[in-house]
Amino acid sequence: MAPEVLNKDYSNACDTWSLGVILYIMLSGLLPFEGTTDAEIEENIKSLNFDFEEEVWDGVSAEAKDLISKMLVYEKDRITPKEALNHPWVKSMLGDTSGKSYKDSYLDKLEDFKQSNHLKKAILSFLATKVNDEEIKDEIELFNSFDTNNDGYITKKELKKGLLKMK
């Protein structure tokens, strides 16, 4: 969550922050902002307290770290989506794009990405791998009691039925 989101004063620039967090996670398998409490995590976000000190970062290019560093900064200093697409690391990942330009529709899709539920699912899936089943045993049992057809989803009907059973 970008610092400006914590202050409830944000724009689409927070999407670039989110992509920076995802890139950090994808390249390292680590969360950029950690803490033992929510307050500590929020403080680390607000103070931009992240680094590339873990051994896993030794194999990551300086250009990739540079891009992340330009994404995980305060909004006024943050790279724009267009600048990110033109960053040397992105260009190296895309291959030779000389003479080609990005269509405005691609940038529009990137800016509209926040409308998508995929980001939330990806982050929740990643976080779920960091928690063991014993820690969330009660939540798993509750979910399974609501998911009567065992398909891994809770429909509106199943939710209503489960809530009525809890009364």
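One-based numbering along the chain as shown.
Note that Cβ sites are derived from N, Cα and C of the backbone, with glycine treated the same way.
In TrEMBL this protein carries:
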DOMAIN    1-90  domain 'Protein kinase'
DOMAIN    134-167  domain 'EF-hand'
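DSSP labels the residues of the domain 'EF-hand' (134-167) in these numbers: 21 helix, 0 strand, 13 coil. Applying DSSP to the domain 'Protein kinase' (1-90) sorts its residues as follows: 55 helix, 0 strand, 35 coil.
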